[in-house]
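See structure below.
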Amino acid sequence: MKRQTVFETAMERGVSRRDFLKMCTALAAALGLDYTQSDKVVQAMETNSRVPVVWLQFQDCTGCSESFIRSTHPTAESVLFDFISLEYTEVLSAASGFQAETAMKQVLEKYKGEYVLAVEGSIPDGEGFTNVGGIDVKETIKEMAAGAMAVISYGSCASWGGIAAAEPNPTGAKPISSYVSNTPVILVPGCPPISEVMTGVIAHMITFGAIPELDSQGRPKAFYRHRIHDKCNRRAYFDAGLFVESFDDEGAKQGYCLYKLGCKGPTTYNACAEMRWNGGVSYPIQSGNPCIGCSEKGFWDNGPFFVRHAKIPASQTTANIDKIGLAVTGVVAAGVAVHAVGTSFKKKSEDRRGDE
Ligand code: FSX
Ligand code: SF4
Ligand code: F3S
């Protein structure tokens, strides 16, 4: 079935050619292309069709939808109106009840193998926990995933089980991938994920007509290739051995490293320190809060928050930090020592991550 191109839709909405080109340039930047390559994006948007999207929501807090609608590059508005045709969504839909359920079924008939299934929230594996429209959500996810060209698991709940899966996991919450067999699944973890990462994944699929390159855990490499720690604005203080000891001390005012307050940046892969949140304004660490590793598998049960954690694989890091905390002199030498263990941890961590 012939679908409108992104360009045709934008023109129909009264977007000027000039604004269309600006939109493509912003998109190219979001995809990490340099400005000389924005022609590629323009060409793709002029010829590629809008992608039909079905957005399902299960056990979650709706934070993923909340994050998505705040995207600035590209704007959520241009993604929703120009890039995709949102065929079914529980949060943003005007339709409800049978009308909405019928719309979802129609997508299966009209766009089989062509639509993207975006999902937020985990699936309760126990019997009778969640029915939507009288149907067990396990059946819905299996059926809709089987007919999709790709599934995007938005958020740590959909990707790993999330908060609902926290011990003792009363609903038997499972990630979306547990119910998908022959359709590629893209994990976009974070609780919630960064807005521009959410829209960027869809933008990539429209521009290149393929899913983005994924790491061994199924996350797009473009957004999850770095540890927060490696791009952190407080990293120089970590290397110098200068740490915040309590939230209201002098180190906190100076912006020192939050490692001793439980920062999990050294074991967390996400783009927060590079892309930041709210259109690039800030991210948790910049605002004075240690990273709780919200994009990592099992973060909800992964030790207490705000306590210097013992679970970092390179246990020497903890030992050295103690020494530095006690040292009055020799900060530079100690800082170098910490940097050295930090680097060896990175090496080990990369080894652990195989091909990434
Ligand atoms: Fe989970 Fe999404 Fe955390 Fe919430 O909907 S990833 S609980 S912020 O937002 O699913
Ligand atoms: Fe930044 Fe946390 Fe690493 Fe310190 S431990 S440099 S605050 S990521
Ligand atoms: Fe989450 Fe850490 Fe980023 S808590 S939002 S991954 S800085």
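Note that Cβ sites are derived from N, Cα and C of the backbone, with glycine treated the same way.
Taken from TrEMBL, the feature [4Fe-4S] cluster 1 binding site applies to CYS61, CYS64, CYS157, CYS191. DSSP assigns CYS157 ([4Fe-4S] cluster 1 binding site) to a helix.
The Cβ of CYS263 ([4Fe-4S] cluster 2 binding site) has 28 other Cβ atoms within 10 Å, all protein chains considered. According to TrEMBL, the feature [4Fe-4S] cluster 2 binding site maps to HIS229, CYS232, CYS257, CYS263.
Per TrEMBL, [3Fe-4S] cluster binding site is recorded for CYS272, CYS291, CYS294. In the three-state DSSP scheme, CYS272 ([3Fe-4S] cluster binding site) is classed as helix. For CYS272 ([3Fe-4S] cluster binding site), the same-chain residues lying six or more positions away in sequence with a CB closer than 8 A to its CB are ILE194, ILE228, TYR283, PRO284, ILE285, CYS291.
Annotated domain 'NADH:ubiquinone oxidoreductase-like 20kDa subunit' per TrEMBL: 61-204, in sequence order. Across the domain 'NADH:ubiquinone oxidoreductase-like 20kDa subunit' (61-204), the prediction's mean pLDDT works out to 92.
The domain 'Cytochrome-c3 hydrogenase C-terminal' feature in TrEMBL is assigned to 224-305.
Only HIS229, CYS232, CYS263 of the binding-site residues listed as CYS61, HIS229, CYS232, CYS263 bring a Cβ under 6 Å of any atom of ligand 2; the order follows the sequence.
Per DSSP, the domain 'Cytochrome-c3 hydrogenase C-terminal' (224-305) is made up of 29 helix, 6 strand, 47 coil. Restricting the binding-site residues CYS191, CYS232, CYS257, CYS263 to those with a CA within 10 Å of the CA of CYS294 ([3Fe-4S] cluster binding site) leaves CYS191, listed by sequence position. The binding-site residues recorded for this entry are CYS61, CYS64, CYS157, CYS191, and the Cα of CYS191 lies nearest to that of HIS229 ([4Fe-4S] cluster 2 binding site). With a cut-off of under 6 Å between the Cβ and any atom of ligand 1, the binding-site residues CYS61, CYS64, CYS157, CYS191, HIS229 reduce to CYS61, CYS64, CYS157, CYS191.
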